[in-house]
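Written out below as structure tokens is the structure these notes cover.
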Amino acid sequence: MDLFKILLLVFFVNISFCFAADPYSFYNFEVSYITASPLGVPQQVIAINGKFPGPTINVTTNENLVVNVRNKLDEGLLLHWNGIQQRRVSWQDGVLGTNCPIPPKWNWTYEFQVKDQIGSFFYFPSLHFQRASGGFGSFVVNPRAIIPVPFSTPDGDITVTIGDWYIRNHTALRKALDDGKDLGMPDGVLINGKGPYRYNDTLVADGIDFETITVHPGKTYRLRVSNVGISTSLNFRIQGHNLVLAESEGSYTVQQNYTSLDIHVGQSYSFLVTMDQNASSDYYIVASARVVNETIWRRVTGVGILKYTNSKGKAKGQLPPGPQDEFDKTFSMNQARSIRWNVSASGARPNPQGSFKYGSINVTDVYVLRNMPPVTISGKRRTTLNGISFKNPSTPIRLADKLKVKDVYKLDFPKRPLTGPAKVATSIINGTYRGFMEVVLQNNDTKMQSYHMSGYAFFVVGMDYGEWTENSRGTYNKWDGIARSTIQVYPGAWSAILISLDNPGAWNLRTENLDSWYLGQETYVRVVNPDENNKTEFGHPDNVLYCGALSKLQKPQKVSSSASKSIGFTSLSMVVMALVMMMMLQH
């Protein structure tokens, strides 16, 4: 058999494998510093492939995603995929409890499947307060063509990132926190990495580049909006246009009209917006600070422009007002309660979302997690959950388990707040595999908090002001509470979530408020199948990085501007296909 026939045989074996399996998408990310002026002042920001914000990742349910990351920063790097569940592969989650940092000048390749998910998400760098300097971007998971969607196909799909922003870079902000200081009021709010349109000559400096979204009259667009900021809740609105809420973090919602919606740190929403206004002028897109003294924070407002293709003039006049609820603290909470799961719509699978009857499942574990204002522990300013300020392990949790490294963490996280003095510890929750956990998030701080759980979409069953008690369960929504991965907890209030622990691994449970997270307001939930023949969790990847107690296992990497040497079998298949095509042309 000649070489051509051998290659042809290999080609057909490989092509059969590829088409039988789920397809792959490939991205190369070069993460570096660039100089930009989002608020009119030159500053160092973190870019991906020279872009700020980074490129949008766009994939389809069940695709395998390969992201090769080259770290050109001067410090360690991890990318976290906010809301992507990483089914059975917490090794790819990109936080310190699951991954060793990618050293400067090194390449590392993430490879994971977006299994059984659809929706709107984002990614960001999770170490060293880096998100405050950028490195974030949108992450879109489209449904498969065979799965029905509960609305007509939009005429366009637009991603929007919003977030508070400081002119100081992440290293200066980090030092302020290390020195025990507050960060103070942000310098502004960015929309897609750009500063505000000059709607007011006093509040907005001249010469700032602003975001413009161009649309066609009469068309309907899907706007995917993510709050990628540091700690500020933002009210999102478009002058003169209704926002039809359609999806949030992978769950289709009951479709309702809003003139504006509060989007808290770490949250993502999809809106259907119809361009049904006249084109006498452009329209303002606004993201303004919430749950603060909004008179003082007036300058902390992001303003972009919605421009019809036949627009006759620039936007002018006052911004459209946000909610007038200065003396009504229930308005925002009632709006949040109005967001409900569309139980009849298909999600990533053909069956209706509501076929999972979460309200009838027996709870196996209950955790009441309380955060307080920052405290001083051993002379350092820290934040806590249940009186514990988390210290990240030097060795990732599941890697320590697999390679039998002891004393990395303790499975002793308390189910209720500690009564003694606060302490620093690597204390994590021992989750029961296939258990059903109730978590009550009690915010006894004066600031809004957002909480995120990696690895899962949890069910938001209740929220209210005051202290949670067992009687509060009588108010739970056990039918159509939204399933999502990030939930807000209002100051002096609680939010309750239910989690089906069907995804083995070690999963980060944290505040999304970057300052509080940096100071220790997090833990992990370790979920392990006790069966000795455990086949539910994939082993660590071949390219795993080693650190901490396992540092001696790490081989040096040859510094190169090229991609990783290997990104799996699919790359080999592609090479073989290319060789075969060349041989075919010669024959």
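Each residue, glycine too, has its Cβ placed from N, Cα and C.
From a predicted model like this one, the values you see are computed outputs, not experimental measurements.
Per Swiss-Prot, the features are:
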{"type": "BINDING", "residues": "HIS80, HIS452", "note": "Cu cation binding site"}
{"type": "CARBOHYD", "residues": "ASN14", "note": "N-linked glycosylation site"}
{"type": "CARBOHYD", "residues": "ASN58", "note": "N-linked glycosylation site"}
{"type": "CARBOHYD", "residues": "ASN107", "note": "N-linked glycosylation site"}
{"type": "CARBOHYD", "residues": "ASN200", "note": "N-linked glycosylation site"}
{"type": "CARBOHYD", "residues": "ASN257", "note": "N-linked glycosylation site"}
{"type": "CARBOHYD", "residues": "ASN278", "note": "N-linked glycosylation site"}
{"type": "CARBOHYD", "residues": "ASN293", "note": "N-linked glycosylation site"}
{"type": "CARBOHYD", "residues": "ASN342", "note": "N-linked glycosylation site"}
{"type": "CARBOHYD", "residues": "ASN362", "note": "N-linked glycosylation site"}
{"type": "CARBOHYD", "residues": "ASN430", "note": "N-linked glycosylation site"}
{"type": "CARBOHYD", "residues": "ASN444", "note": "N-linked glycosylation site"}
{"type": "CARBOHYD", "residues": "ASN534", "note": "N-linked glycosylation site"}
{"type": "LIPID", "residues": "SER562", "note": "GPI-anchor amidated serine"}
{"type": "SIGNAL", "residues": "1-20", "note": "signal peptide"}
DSSP three-state assignment (helix, strand or coil) for ASN58 (N-linked glycosylation site): strand
Rounded distance in angstrom between the Cα atoms of ASN444 (N-linked glycosylation site) and HIS452 (Cu cation binding site): 18
Glycosylation sites listed as ASN107, ASN200, ASN342, least Cβ neighbours within 10 Å: ASN200
Glycosylation sites compared (ASN293, ASN362) - highest count of Cβ atoms within 10 Å: ASN293
Distance from ASN342 (N-linked glycosylation site) back to ASN278 (N-linked glycosylation site), taken between C-alpha atoms, in Å: 32
Pairwise CA distance, ASN362 (N-linked glycosylation site) versus ASN430 (N-linked glycosylation site), rounded so that it is a whole Å: 18
Number of other Cβ atoms within 10 Å of the Cβ of HIS80 (Cu cation binding site) across all protein chains: 24
For ASN430 (N-linked glycosylation site): intrachain residues, at least 6 apart, with Cβ closer than 8 Å: LEU411, PHE413, ARG526
Nearest recorded site to ASN200 (N-linked glycosylation site) by CA-CA distance, among recorded positions ASN58, HIS80, ASN107, ASN293: ASN293
The one of ASN58, ASN257, ASN444 whose CB sees the fewest other CB atoms within 10 Å, among these glycosylation sites: ASN257
Residue among recorded positions ASN58, HIS80, ASN293 with Cα closest to the Cα of ASN342 (N-linked glycosylation site): ASN58
Integer Å distance between the CA atoms belonging to HIS80 (Cu cation binding site) and ASN58 (N-linked glycosylation site): 16
HIS452 (Cu cation binding site) CB neighbourhood, other CB atoms within 10 A: 23
For ASN278 (N-linked glycosylation site), the number of other Cβ atoms found within 10 Å of its own Cβ: 11
